[in-house]
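Notes follow once the structure below has been shown.
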């Protein structure tokens with residue numbers, strides 16, 4: 001029966017799988033539980049898992065492995081401050097870095113900030129501030145951009161100085177946040193709200209345009225204040241001439257004019273108020289004084305009347321004169337006509353011509369003597385106002401060439417600072433173009449001038465698109481490398497007007513053929529060249545960017561440039577490249593912006609002594625929101641990773657990385673704190689820095705009781721201040737020497753990261769041999 005045994009075994013094998021499966025599952029489960037409890041199992045899989053778990057533990061627990069990395073980061077840190085990305089704000093960070101290193105920009109912003117801070121203090125001291133508050137809010141809002149720029153400049157300089165003096169405190173990064181400036185831009189232009197990518201050239205035009213408007217507003221306010229002061233002084237002189245008597249208001253005005261004269265340099269002429277100073281004591285006997293007063297006055301209609309009639313009519317004439325002078329404020333020509341009967345037959349200049357040519361009129365009035373004494377009073381007060389406001393940074397009248405000998409040098413020095421301040425954009429970035437049209441028949445020329453702040457040049461020929469459509473083999477045919485001079489020649493090319501677009505000549509009196517050219521008439525200190533790297537493309541349509549795709553055609557860019565070929569007059573000016581804004585990406589609404597800046601002019605570097613105070617004072621004096629509460633208040637609902645420096649007595653190297661987990665929409669970025677509140681807190685950082693020193697001095701004086709101890713302490717404090725001044729000078733010289741190591745080197749600013757770029761690598765990225773995605777977008781040349 002051997003054949004039956006295999007059949008039984010087969011039958012068992014058929015019915016056994018279910019049983020074996022049950023047994024095998026239970027067996028494997030028991031085996032896994034044993035593996036979990038048995039620590040002496042030496043299988044290969046267990047060894048692998050133990051090694052993997054051990055590696056995980058080794059990566060987390062020891063801190064010694066991460067220390068070499070931090071040391072390398074500390075060595076790689078450069079003494080240049082980056083800017084944190086606050087959510088697709090690389091377009092703003094790159095422009096701010098270029099403006100920071102732009103020659104003369106920081107000086108002009110500081111000058112404007114000092115003027116604005118003085119104006120704000122004047123508004124606080126004004127008794128009628130409540131009545132004028134509504135009309136001053138708009139001007140303060142327009143001043144906020146200047147205050148935000150100055151606040152950012154101060155924070156960058158202080159952080160740079162702190163790093164150079166204490167480099168061991170900074171291990172992670174050396175960067176600050178332009179949050180206040182970003183909030184100001186969002187207030188001025190709601191387009192920058194949210195976290196969308198924007199054009200770097202547009203934000204540059206927005207910043208420069210608002211600075212220019214602020215400068216014009218400051219000019220108008222200074223001229224208005226000067227006109228109001230001249231009107232008030234003129235009213236006082238007219239009241240004296242009309243009434244012939246002395247009232248309480250005249251006594252106050254005479255005292256004010258006497259105080260004014262004491263402050264001014266003395267001349268060889270006398271004022272009428274000096275001869276009448278004795279009459280102030282005898283103001284009770286008006287009837288006896290009326291006769292000598294009328295003899296000293298000019299020939300007016302009031303002299304023909306009797307003495308009693310004059311005294312009775314005096315109080316009636318005063319309000320009439322005041323009303324006429326008040327109504328004459330809007331138009332100065334009318335005031336000249338109405339008040340002409342009070343003056344002699346000689347022609348009197350208008351008020352506007354007075355404060356436009358103060359020196360000339362003042363010298364003429366002094367030579368004529370007593371008949372022009374009242375006008376001399378007006379000119380004296382106007383001279384005082386002009387000198388005070390010029391010394392304080394206010395506008396100086398263009399015609400004030402003849403000045404007192406003592407203040408001529410001061411005015412000439414302040415005039416240059418005033419021009420840099422009020423004409424910051426015009427001097428640095430704004431030039432003038434001439435559109436010249438020449439008739440081909442009569443050879444007559446017509447010119448039209450317009451201002452420009454940047455030059456937009458092409459990077460490829462217009463016919464290239466037609467070639468791409470006709471070519472079937474290669475979508476990007478190889479073309480010869482274009483240069484920047486070729487691009488500028490395309491911008492200033494001669495255009496021939498023919499056919500239906502003929503030019504109507506005024507000399508020929510009919511339509512003729514003409515040539516139109518664009519030339520440079522006035523060149524600024526800094527030339528901004530905008531490369532038109534984005535063009536409309538139907539094949540690669542970008543719904544967010546409006547169909548603008550990137551043109552990656554390389555353009556040969558020189559380090560030195562001369563525009564004499566396209567200028568209206570011969571010039572020897574040459575420009576050197578000092579900054580480039582690069583764009584990497586394929587569309588205008590995406591990608592990333594970086595800035596490359598060449599460090600130059602460190603020998604003429606001017607550092608503020610307020611940036612080299614003690615760390616505690618430095619932290620208290622920073623106008624940027626540096627504490628956690630202020631940063632959270634200004635951050636609002638930002639969903640990005642930012643670094644916050646702890647204020648107070650903490651070290652500035654402590655960096656806290658915070659991230660909000662609240663969900664926000666595409667157009668988020670709402671602000672919880674208004675910009676003017678930040679302006680009120682940090683409009684004058686010098687005062688904030690100075691307050692701890694004053695508190696220490698007051699505490700020291702309160703501890704002493706005797707005068708001798710106070711004098712000793714004053715001597716010690718004076719010695720300490722001398723030592724501190726020497727220490728500040730040593731710190732400043734050390735910082736300057738440390739920065740001179742980077743003279744002539746190119747720095748790459750990639751938001752918060754700063755790197756040194758070799759000149760060869762920079763030239764390769766500037767004029768690449770291939771067509772990379774990272775190409776130059778904005779070129780900045782400064783006058784050499």
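Each residue, glycine too, has its Cβ placed from N, Cα and C.
Cross-referencing 97-149, 150-202, 362-414 with Swiss-Prot places the feature region 'Disordered' at 362-414. According to Swiss-Prot, the feature region 'Disordered' maps to residues 684-725, out of the candidate ranges 684-725, 726-767.
Rounded to the nearest whole angstrom, the C-alpha distance between residue 592 (active site, proton acceptor) and residue 767 (phosphoserine) is 19.
The Cβ of residue 767 (phosphoserine) has 17 neighbouring Cβ atoms from other residues within 10 Å, across all protein chains displayed. Cα separation, residue 767 (phosphoserine) to residue 90 (active site, nucleophile), rounded: 22 Å. In the three-state DSSP classification, residue 592 (active site, proton acceptor) falls within a strand. Put plainly, the active-site residues 90, 592 were compared by Cβ crowding within 10 Å, and the winner is 90.
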